[in-house]
C-alpha cells in the first residue's frame with residue numbers, strides 16, 4: 001500500500017507535473033496511507049525540512065559565482081576553450097570534457113551548459129574542426145557531431161559534480177544517513193567519487209577517439 | 001562554540017531575504033508579489049527554523065509549494081550587458097577570476113581538517129556537530145569577501161547578482177530539501193521495508209554480489225523512470241543500502257553513497273525523462289532525432305554502470 005506514494009511520483013513525473021508539487025503530494029499521501037495523523041505529518045514535514053536546511057548551502061556560493069560572472073567568468077572560460085588548438089572533433093570534445101568535469105568538481109557548474117556553452121561555442125568548434133579536415137559535412141555526420149557535443153557536456157557535469165562537497169547530491173545522502181543514525185562524512189563521500197569520475201573520463205575519451213576514427217573512415221576519402 | 005551551523009543558515013536566510021526584497025520591487029516581474037513571498041517565506045524558514053515550531057514550518061513549506069502550483073515563480077527582466085562591456089571587465093582580471101571560486105573547496109577541506117576540535121578560550125571554534133558545513137559556510141564567506149575586493153563590488157551588488165542566479169534556479173532550489181523530507185516520510189511509513197522484503201524474496205540468501213548488482217541497477221532504473229537520481233536514492237538506500245549493505249555486510253556508507261549516486265547518474269544519461277539534459281539540448285542544436293543525445297550517451301553510461309558495480313563489490317567484500 002505505501003508504494004502508492006512511489007507510484008504517484010512516477011505518474012507525476014510522466015505527466016510532467018512540477019516535481020516540487022509531486023514530491024509534496026506523494027509525501028502527504030504516503031503518510032496518510034500509513035495512518036499517520038495529518039497534523040503529525042505536517043510536523044514531521046517541518047522538522048525534516050529544518051533538519052535538511054544545509055542541503056541548500058549552495059545559496060552561500062551564489063554571491064561569489066554571481067560577482068565572478070558579472071566580471072566575465074564565463075567569457076574567460078570561453079577564451080580558454082577557444083584557445084584549444086585541436087584539429088579533430090574528438091580532441092576538441094575531449095578537452096571540453098576535461099574542463100567541464102574539472103570545473104564541476106570545483107563547484108563551477110555554471111562554466112558549461114547547453115544554452116550557455118554547447119550551442120554557441122562547443123558544437124560550432126567541433127563542427128569547424130570537422131569542416132576544415134573533411135570539407136563540407138553530410139547532414140548525418142553533422143547531426144552526430146552535435147549530439148556528441150551535448151553528450152560530452154552532460155557526462156563531464158554528472159561525473160564531476162559529486163566530487164564537490166557542497167553539491168545537493170552529497171548533502172542529500174549525508175542527511176539521509178544521519179537521520180537513520182548512520183555516521184557519514186560528506187568529504188569522504190566526495191573523495192570516493194574520484195575513481196568513477198576518472199573511469200568515466202577515460203571511457204568517454206576513448207569513445208571520442210573512436211568517433212574520430214569513424215569520421216576518418218567515412219569522410220576521409222573525400223579529401224579537402 | 002564560536003561559529004555554529006545556525007549562523008550559516010542565518011547567512012543563507014539573509015541572502016535569500018535580500019533577493020526577495022529586490023523581487024518585490026521589480027516592476028518588470030508580472031508575478032513579483034507571489035515570487036517575492038515565496039523567497040520571503042523561504043528565508044524565514046532558513047533563519048528561524050530552530051525557533052519556529054516544526055508544525056508551522058511544515059505549513060510554510062506547503063504554502064511555498066502552493067505558490068509553485070498556482071502559476072509558479074516568474075523572473076524579472078535583466079538587462080544583459082553588452083559583450084564589449086563584459087569583455088572589458090574580463091580583461092581586467094583574466095585568469096585570476098577563478099581564484100575566489102577555487103578558494104571555496106580548498107578552504108573547506110583545510111578548515112574542516114585543521115580546525116576540527118580547535119578551542120579558543122574553552123569554546124570550540126567550529127560547531128562540532130557539523131564541522132564540514134560550518135567550514136564550508138566560512139569558506140564561502142571568505143570567498144565572497146575576496147571576490148568583492150577583487151571586483152570592487154559591494155554587498156548590495158553581490159545580493160543583486162545572487163538574485164539573478166536564484167531566479168534562474170527558481171523553484172528547483174527547494175527540491176533537494178523536499179526530497180530529503182520525502183525520504184523521512186517514506187522511512188516512517190515503511191516504504192524501505194517493503195522494498196527490502198521484495199529484495200529478500202528475490203536474492204539468494206547473503207549474496208553480496210547480487211545485492212550490489214540489484215542496488216546499482218535499481219538506482220539506475222528508478223532514476224530512468226523518475227528522471228531524477230535524487231528521488232531514487234531515499235527509496236533504494238532505505239530498502240537495500242541500509243538493511244543489507246551497511247547493516248549486514250558492514251559496508252562503509254561513504255563508499256556506498258558516492259558510488260550509488262553515480263549509478264543513478266548513469267540512469268539519467270539514458271532517459272528522456274531527464275528532459276533538461278537530454279531533450280532540451282536536442283532542440284537547441286536542431287537535432288532531427290530527439291533521442292540522439294541519449295543514444296550517444298548509452299555506451300558510456302553502461303560502461304560506467306558496470307564499473308560502479310565492480311568497484312562497490314570489491315570495496316565492500318574487501319572491507320576497505
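Cβ atoms here come from the backbone N, Cα and C positions, even for glycine.
For B:6-25, B:55-73, B:93-111, B:131-150, B:171-195, B:201-222, B:229-246, B:258-284, B:296-316, the entry in TrEMBL reads transmembrane segment.
Counting Cβ pairs closer than 8 Å and at least 6 residues apart in sequence, the transmembrane segment (B:131-150) and the transmembrane segment (B:171-195) reach fewer than three and form no contact. The stretches the transmembrane segment (B:171-195) and the transmembrane segment (B:55-73) are in mutual contact, each linked to the other by at least three Cβ pairs under 8 Å (pairs 6 or more apart in sequence). Between the transmembrane segment (B:201-222) and the transmembrane segment (B:55-73), fewer than three CB pairs separated by 6 or more residues in sequence fall under 8 Å, so the two stretches do not touch. Tertiary neighbourhood of the transmembrane segment (B:258-284): same-chain residues 215-217, 219-229, 232-233, 236-237, 241, 290-294, 297-298, 300-302, 304-305, 308-309, 311-312, 315, selected by CB-CB distance under 8 Å and a gap of 6+ residues from either end.
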